[in-house]
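One structure, as structure tokens, below. Some questions next.
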Amino acid sequence: MAQSVLLTGAAGRVGEAILGGLADDYEWRLLDRDPPTEDYPGEFVVADITEDETIREAMEGIDVVLHLAGDPRKTAPWDSVLTNNIDGTQTVFEAAVDAGVEKVAFASSNHAVGHYETDERTPEMYRADDDYLLDGTEQPRPGNLYGVSKVAGESLGRYYHDEYGISVVNVRIGNLTENHPPIDYERGQAMWLSYRDCAHLFDRCIQADYDYEIVYGISDNDRKYYSIERAKEVLGYEPQDNSAAHNDD
Ligand SMILES: NC(=O)C1=CN([C@@H]2O[C@H](COP(=O)(O)OP(=O)(O)OC[C@H]3O[C@@H](n4cnc5c(N)ncnc54)[C@H](O)[C@@H]3O)[C@@H](O)[C@H]2O)C=CC1
Ligand SMILES: O=C1O[C@H](COP(=O)(O)O)[C@@H](O)[C@H](O)[C@H]1O
């Protein structure tokens, strides 16, 4: 029988990429505070992730949670990330543990480590001939309050894994765009994540066995300053796209 997967933030862009690739592969329960505007697979729960009781109900019978819901803006103010990204993520983890969910994949961000991009290192680190690489073992260095909220989410996962044994993978997503990497944006090309690699990566998060992990979610770009070796090794991630293939588009 197919695994039951709860996808929070299902109405957003990352949700669209995941469902675009995996709609037929799982029993989906989709959750978002915004109702869907298009056809969707499975049942759709319209709820806010800070609503404790509703989130508990949404966890019933779920094997794996892909937790995407949150404020994705790098300029998001503190009150929003505190509520949506930190409080909401704690509510999701608490309910997941209580419901006996096996795994949670958390949508973290490149902005959790944004301050490694110092004036001395940029823009060279965005280029293919530069060998600077972050691999997920480094200390977080958030570049904004949104990044702070993602580090908090990773830390909540650490706690719920260590305390309750739930498997947790934090995917520090780069820059997801459909069809084409960002144009005239070296940084965005270096951390491009294509829609199909995004769907495949989260598929691996559902299927693979792990304890607590931090991986980078980017395609196999020639330009890169995030290593994808851990995602390959632990999750079996095999990306197919590379922003360099679009240089002449
Ligand atoms: N798109 C990207 O390139 C990246 C995205 N991420 C993360 O991935 C996740 C999804 O991002 P996107 O799909 O791009 O954003 P999005 O804004 O398109 O989707 C987020 C969805 O979450 C929902 N949501 C927000 N707060 C909620 C709450 N309190 N309760 C219920 N639903 C709520 C929104 O209604 C929206 O549909 C976010 O956590 C974001 O921080 C991280 C790095 C890069
Ligand atoms: O975390 C996120 O990062 C991506 C890429 O960041 P940017 O600094 O290149 O804009 C961003 O597009 C996305 O909205 C955000 O959630």
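Every residue gets a Cβ built from N, Cα and C, even glycine.
Pasting the feature list from TrEMBL:
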DOMAIN    5-176  domain 'NAD-dependent epimerase/dehydratase'
BINDING   N84, S109, Y146, K150  NAD(+) binding site
ACT_SITE  Y146  active site, proton acceptor
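Walk me through where these features lie, including what they touch and how far apart they are.
Annotation note: Y146 (NAD(+) binding site) sits in a helical segment as assigned by DSSP.
Non-local neighbourhood of Y146 (NAD(+) binding site): D71, P72, R73, K74, T75, A76, V81, N85, S109, H111, each in the same chain, at least six residues away, with C-beta under 8 Å from its C-beta.
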Under 8 Å Cβ to Cβ from N84 (NAD(+) binding site), same chain, six or more residues apart: give me those in sequence order, or none if nothing qualifies.
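Same-chain residues close to N84 (NAD(+) binding site) (Cβ under 8 Å, separated by 6 or more) are I49, T50, A69, G70, D71.
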Cβ within 8 Å of the NAD(+) site centroid (N84, S109, Y146, K150 excluded): which residues?
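Filtered neighbour residues, in order: G70, D71, P72, A76, V81, N85, S108, H111, A112, G147, S149, G153.
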Across the listed NAD(+)-binding residues, N84, S109, Y146, K150, what is the farthest Cα to Cα distance, given in whole Å?
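The span, Cα to Cα at its widest, is 15 Å.
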What is the Cβ neighbour count of S109 (NAD(+) binding site) at a 10 Å cut-off, with all protein chains included?
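S109 (NAD(+) binding site) is surrounded by 28 other Cβ atoms within 10 Å.
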